[in-house]
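Heads up, the thing below is written out as structure tokens.
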Amino acid sequence: MIDDITAQLRAGRQVLEALERELADRIASFAKLLADSLAGGRKLLVMGNGGSAADAQHFAAEIVGRFKLERRGLPAVALTTDTSILTAIGNDYGFDAIFRRQVEALADEGDVVVGISTSGNSRNVQEALLLARERGCRTVGLLGRTGGSIRDIVELDLTVPSADTPRIQEGHIAIIHIVCDLVEKRLFP
Ligand SMILES: O=C(CO)[C@@H](O)[C@H](O)[C@H](O)[C@H](O)COP(=O)(O)O
Ligand SMILES: [Zn+2]
């Protein structure tokens, strides 16, 4: 067991080192884009499946509540939380529509719409980002592996260089925390 634990922790460390080497500029771009949009009165919409649904909720909670600074709440909605909405859309239009329909209902031009997908191929996230782009939203993908089909849809992709889903998710949550920190510092210096 200890060998397994050591190997997994080492793999996690290697992913974080790769983020530092390869994605620092994109993390900064994401933070600027989000801070500027929130400063302009826009909001964050964020979505994902499974572990990434939890990450979406975590992200929205840091923005609406607070990360580290005492400051006013900022607008963010995780599209993963309302079981009545999710079951109604899923039941009536299909699972692939659960996020797209909420983007249709909630997204305004200039809002930041973030899709989190370790494969980059989840159809429900992909469809929502396509509509968000059509709507004139700023679209961001927190992705993994090759970035999948979502990589070609979004304005900015942050593709964690790993093929292992949990390691990719660890990269995503590291990115989310760094972005929350940078956004707070930029908006509330
Ligand atoms: O958390 C995990 C695995 O670590 C799972 O719940 C995982 O998020 C689910 O299988 C998702 O459906 C995977 O979707 P995606 O990341 O490929 O978009
Ligand atoms: Zn997981």
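Just so you know, glycine gets a Cβ as well, placed from its N, Cα and C.
Per TrEMBL, the feature domain 'SIS' maps to 34-189.
Mapped onto three states, the DSSP output places Asn91 (substrate binding site) in helix. Per TrEMBL, substrate binding site is recorded for Asn49, Gly50, Gly51, Glu62, Asn91, Asp92, Ser117, Thr118, Ser119, Ser122, Gln169.
Taken from TrEMBL, the feature Zn(2+) binding site covers His58, Glu62, Gln169, His177. Following the DSSP three-state reduction, the secondary structure of His58 (Zn(2+) binding site) is helix. Listed in sequence order, Ile173, Ile176 are the same-chain residues six or more apart from His58 (Zn(2+) binding site) with CB atoms under 8 A from its CB.
Cα spacing between Gly51 (substrate binding site) and His177 (Zn(2+) binding site): 16 Å, rounded to the nearest whole number. Contact annotation for binding-site residues (Glu62, Asn91, His177) versus ligand 1: none, no CB falling under 6 Å from a ligand atom.
The average per-residue pLDDT of the prediction over the domain 'SIS' (34-189) is 98, rounded to a whole number. When the binding-site residues Asn91, Ser117, Gln169 are compared by Cα distance to His177 (Zn(2+) binding site), the shortest distance belongs to Gln169.
It is 25 Å from the Cα atom of Ser119 (substrate binding site) to that of Glu62 (Zn(2+) binding site). A simple way to gauge crowding: the CB of Ser117 (substrate binding site) has 29 other CB atoms within 10 angstroms, across all the protein chains here.
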